[in-house]
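Have a look at the structure below before the remarks.
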Amino acid sequence: MTDSENKEINEENAQDNGSVSFVPASMAKTSNMPVRRQLAIVALLLVGIFGFGASALWLGGDNDNGGGMTASLVQSEETGGSSADIERISFDDLEILAQSAIVIDVQTNEVLYQKSPDESLPLASITKLMTALVASEIVESSAVVSVTARALDQAGDSGLQVGERFSYKSLSDLVLLTSSNDGAYALSAYVGATLDSNSPETAFVKAMNVRAKELGLSQTEFRNPTGLDISETEAGAYGSARDVAELMKYILENSPELLEATTYIDTAVYSEAGTLHKADNTNYVVDAIPNAVASKTGYTTLSGGNLVVAFNVGLNHPVIAVVLGSTHQGRFSDILKLVEATKGEIIDEE
């Protein structure tokens, strides 16, 4: 494994200290937002909106201590900078770190905001949206997938074991929630073998690209099923913010069950033998997004920070926001600002 791969292991695993672990069944699904998560969300909003220095508010996503950040936030609130005082953001005043972004009203197809939306950029683990979609269209959700030794050779450790067997749907949930590279490879190998038993991964990636073409994703090209960088200069997938939004829109409208687990803080995934794996969401601000219906993160050395979310602004009125080429933490503050600006835009229209 190269140094570059080590930096990319399961993308956000450094933040989560391991996406998957074994836990009691009582921890199958978490609905309450932990204090640290709440503080991190407030910090991101303060940094993004008021321009406070990141070093004063953020200890870094790799640190679970949280003490320094808590002290900084208390000081900010004492001087009148509490989250309750945050003013509404407009798209006209918006500044984000992302190289590319787009916000689309799914109901009207109106583009509410865009920043270089057609630039083709590395997708990182956003790739796994297409991995899950293509797999779902070829095999039944009850199909049983075995984890192979080759799958575990992928960068990152999701706690899976050689020979473990999962239903397709369970493994798909794990992949989308935790950005599991070994899980994504196991899916692609299983499904690809139904297309070409001699070259299953090649066949699966070809199917991903065929599907991208069918969906009109003109700036998108997949080179592996995980999105991991292939080398220091070649990404595992490329695409535009507009293409990502269109892919998310298609899944929302045609296979929404694929995305349900991506709105959880964490959940439990069971193997066919009944082994419980706790899966943590790599989007740790998902609970700060009102009425979230879908979410997928991405991060590698080449891509920087990527994030796509979908959320309802009214009854059955989803909006999709995408940021590509931000920073590891900046993608979260970027998305939260886009969400706030969207809420303001919709309120003004109504």
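Yeah, the Cβs are placed from backbone N, Cα and C, and that goes for glycine too.
A TrEMBL annotation is a machine prediction, not a hand-curated record.
What TrEMBL lists as region 'Disordered' is 1-20. Per TrEMBL, the feature compositional bias 'Basic and acidic residues' maps to 1-10. Annotation comment: TrEMBL describes 39-59 as transmembrane segment. What TrEMBL lists as domain 'Peptidase S11 D-alanyl-D-alanine carboxypeptidase A N-terminal' is 94-326. TrEMBL lists K128 with the feature active site, proton acceptor. Feature annotation from TrEMBL assigns substrate binding site to K296.
Annotated pair K296 (substrate binding site) and K128 (active site, proton acceptor), C-alpha to C-alpha distance, rounded: 8 Å. Taking all protein chains in view, 30 other C-beta atoms sit within 10 angstroms of the C-beta of K296 (substrate binding site). If you draw a 10 Å sphere around the CB of the residue listed as 'active site, proton acceptor', it holds 29 other CB atoms from the protein chains shown.
In this structure, K128 (active site, proton acceptor) is part of a helix by DSSP. The average pLDDT the prediction assigns to the domain 'Peptidase S11 D-alanyl-D-alanine carboxypeptidase A N-terminal' (94-326) is 96.
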